[in-house]
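Below: one structure, written as structure tokens.
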Amino acid sequence: MNFAPLRRAGVYVFLSLAAFISVFPFYWMAVGSTNQSVDIVRGKLGFGGNLLVNFQHLMSQVDLYRVFGNSFLIAIISTVLTLAISSLAGYGFEMFRSRIRERIFELLLLLLSIPFAALMVPLFVMISRAQLTNTFTAVILPGIASIFMIFYFRQATKAFPRELRDAARVDGLKEWQIFLYVYMPTMRSTYAAATIIVFMNAWNNYLWPLIVLQTPDNKTITLVISTLTAAYTPDYGVILLTTVLATAPTLIIFFVLQRQFVQGMLGAVK
Amino acid sequence: MTSLSLKGIRKSYGTLPVIKGVDLTIDSREFVVFVGPSGCGKSTLLRMIAGLESITAGDLEIGGKRMNDVDPSKRGIAMVFQSYALYPHMTVRDNMGFALRFAGKPKDEIARQVAEAARILELGPLLDRLPGQLSGGQRQRVAIGRAIVRHPDVFLFDEPLSNLDAELRVHMRIELARLHRELQATIIYVTHDQVEAMTLADKIVVLREGEVSQVGTPLQLYDDPDNLFVAGFIGSPKMNFLAGEVVDSGAGSATIALVNHGGVRLTKPLGGRLPQKGERITIGIRPEHFGEAGEGTDIVLNVDVAEHLGSTTYVYANAGGEQLIIEREERHMGDTDTLAVSISPEAALLFDSAGKRLR
């Protein structure tokens, strides 16, 4: 008996189910943003006509421009600094020979196993002593030397042709010029993939900003969503609309950079 | 153009020596080829000249100036890499002008130099393309163009043709020879392909395990190798080696018995050291130097395969466990099972048990 069609059907069912599980929350979020809270609680799954009302309610409760501005500022600065520092470190680890290089790298990887929860309190004490609480610097600073990103860049740098560096040295470039004018443009797929990962992490970061950002004028979009859910009678329409707005930038960045993201994750150097 | 001199050049990685004392002089406008098997240190030596590897000991002089610690860009060299090493995000034009840009040359000067190099290498229509849009041969020409625009004193080529297919390799080899004549440049060229070495070089440096095995013109190395290694490395098909034992020695000649061929004897006049009686000797003979039976010391071989190449025929044969290649002028060898050939004393080269040539 030929089981191939049956197996194929099984695969389709499984993939359809997985696709549904992946996409449905986004659909429900989008639908919810157009409905009243009461409809959402009742489980209405079709689009409604309450989008503008929800938007007005949101604008009346939240200084949306400021909140988005805060989130963008933190995410963009975090991304730029994390990419700069991690790629420099990854480049250095891969390009320069040293007897203690691997020991230091192993130590860094070991540090990855320490959960953030264990670092939170000492980190807060440090930030507080540096009088940086309730500043964007406090949110950005602890994340910019990302060990995972250093590891990612070092692995990607293994695919960077060493002869390009040699050619650049013969052409008269200093090491920083090689990094800037040869390495960075050559590794743009890697940077694109890293941009998505770091930006999403910075944008979605909740716990650490919750701890260090204390005044409403400094709040980010993730903190605002949690504030909205904490109301006595939460307006789910408004909450889901805010969620849609909060998701949009990461989706846009992903779609713009998705080709490079795939190349970058595959370690392609073109 | 400029001459180069290497005096006692050494390189070690930790305690591991990779270049074990190289002394060499390269004259101005000379085309010198470093050749040797993989891992012999030829590329490392080239990179040391380029300044991409540090020199552990010894002196490197380019144009009479000590260059050991001078930055690669200030040594007056340009290098063409095996993988071409073109900057993938830049057009051909930008790739070629990149070094000049960093040397602070004005834009019109860069444009002029790039145009001139493009003319020499016929790259004009490709100037606005990216390296990814070029074929292997075109990329190679761009890599050479990038070297030309800098007007270096010395060109360094690191196995530049090894990534090309056979036909293109022959074409580029001719191009390189033409370029050398046109530019009148000093060129140091690294390859493991002895055909490239023979066809391009004014002077070949054969390297083995970090040491110079022999230096000479291609025909010197071919006709008069100093040792067994050079004799076996230079020449395609390879030189044949037959095992022998000295049965008589004295009065300016040695008589050798070919131990795998029924002990037939060959008497060779020698001007230098005479081997001891009973000493093990290797007899080297090029495939084209075997004579017709009756002209010298005859040996009979069992024919394995005959390759008819049109102008010549290579016969692969064996006897007494030795594999030999014989070049014959006959276009058709027929279905012979055996072949009788002779070895003349003039054509036979003798090597002692340490592989050193006995002359």
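First residue shown is number 1, and so on along the chain.
Keep in mind that glycine also has a Cβ here, set from the backbone N, Cα and C atoms.
TrEMBL entries are annotated by machine, without manual review.
These come from TrEMBL:
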{"type": "TRANSMEM", "residues": "A:12-30", "note": "transmembrane segment"}
{"type": "DOMAIN", "residues": "A:68-257", "note": "domain 'ABC transmembrane type-1'"}
{"type": "TRANSMEM", "residues": "A:72-93", "note": "transmembrane segment"}
{"type": "TRANSMEM", "residues": "A:105-127", "note": "transmembrane segment"}
{"type": "TRANSMEM", "residues": "A:133-153", "note": "transmembrane segment"}
{"type": "TRANSMEM", "residues": "A:178-203", "note": "transmembrane segment"}
{"type": "TRANSMEM", "residues": "A:236-257", "note": "transmembrane segment"}
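Through the fold, the transmembrane segment (A:178-203) approaches residues 71, 74-76, 78-79, 82-83, 86-88, 91, 140, 143, 146, 149, 152-153, 156-157, 160, 164-165, 168-169, 221-222, 246, 249-250, 253-254, 257, 260-261, 263-265, 267-270 of its own chain, all at least 6 residues removed from its boundaries and within a Cβ separation under 8 Å. Here the transmembrane segment (A:236-257) does not lie next to the transmembrane segment (A:105-127) in space: the count of CB pairs under 8 Å, restricted to residues six or more apart, is fewer than 3.
With a threshold of 8 Å between CB atoms, the same-chain residues lying at least 6 positions outside the transmembrane segment (A:105-127) that come near it are 93, 133, 138, 141-142, 147-148, 150-151, 154, 207-208, 211-212.
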